[in-house]
Amino acid sequence: MAVTPTPRPGDTVAVAFSGGLDSTALLLATARQAVALHLRVLALHVHHGLQPEADAWVAHAQAVAAQLGAAGWPVELQVYRLQGQPQPGDSVEAWARRERYAALATMAKAAGASLILLGQHAEDQAETVLLQALRGGGPAGLAAMPAQWQSAGLHWCRPWLQRPRRALQALVEAAGLPFVQDPSNQNPRYARSRLRQQLMPVLVAQFPQAVTVLGEVARHAAQARELADEAAALDLPACRTVQGGLRHAAWAALPPARRRNVLAAWLAPQLPAGVPVSLLDRLMSEWQGLGRRWPAPGGWLHSRKGVLGLELSRATK
């Protein structure tokens, strides 16, 4: 697990700021701490262009930044307007997430920040664990959202994954800060929205500690994933060919659990959208079929001359 560095006086800290409750609370807490620590605070707002309220949300972000500054907690707001739209057949959620993180990284680097804070809380984490479980996710899926990691040359941190939403709301209300409501959070078209509106209230009513326990599941799964990653780092080099394929003989000599782990580790960097559990299941049972081809996200897997390889379409590369 990457360790997030402690900011030093004069450093720039960026906060992903949508204007919603979670990010408003995080921006407020960061701005307050920054005064004593002599830090520069950036509020990074991404204009997705997917909602009719998007322009109003930019104005709202400007107003909140001004309100914090007037209270003695200076914040610099930066806005990035996404270009383009999801391609036909592309998930709107996946596209928005991918482009949002890229935009956050671009803004942070341009401003000299090396740390980006994100405001997801305990309920968000619990929902993610449930969604992954319902989709058949293994340890990597059940680990849900990492508390910290490194990507694109930046440190990313979610400091509030163990803090309940009610604590964030109390913080924002006490400061008298407004926040926006994203209508997509209430849209039953999205699985997370259905789970949040229909399943979570019933679950928490019957099991009051559900959010806390699901957070513990995520932490245990994250530890299991770390062990699996360490095992794959030892096993994969002996199975990989110079061209990057997977050598049947070396791979098949491993016990089934390690074989599956190596397969997932080999595929993961080649399939950024994720490795479907169904694909792993099928390959584990059918890999001995020489000359076989299996559909994979964005391309095909093939078994030729004792080597498993992946061919991606031009559009995917």
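Cβ coordinates come from backbone N, Cα and C, glycine included.
Copied over from TrEMBL, here are the features:
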- 13-198: domain 'tRNA(Ile)-lysidine/2-thiocytidine synthase N-terminal' (DOMAIN)
- SER18, GLY19, GLY20, LEU21, ASP22, SER23: ATP binding site (BINDING)
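A Cβ within 8 Å of the Cβ centre of SER18, GLY19, GLY20, LEU21, ASP22, SER23, the residues given for ATP, is found for these other residues of the same chain: PHE17, THR24, ALA25, GLY119, PHE179, VAL180, ASP182. According to DSSP, ASP22 (ATP binding site) is assigned to a helical segment.
Highest Cβ count within 10 Å among the binding-site residues SER18, SER23: SER23. Taking a C-beta cut-off of under 8 Å and a sequence gap of six or more, ASP22 (ATP binding site) has these contacts in its own chain: GLY119, GLN120, HIS121, ASP124, TRP160, ARG165, LEU168.
Fewest Cβ neighbours within 10 Å among the binding-site residues GLY19, GLY20: this applies to GLY20. For LEU21 (ATP binding site), the same-chain residues 6+ apart in sequence whose C-beta sits under 8 angstroms from its C-beta are ARG165, LEU168, GLN169, VAL172, PHE179.
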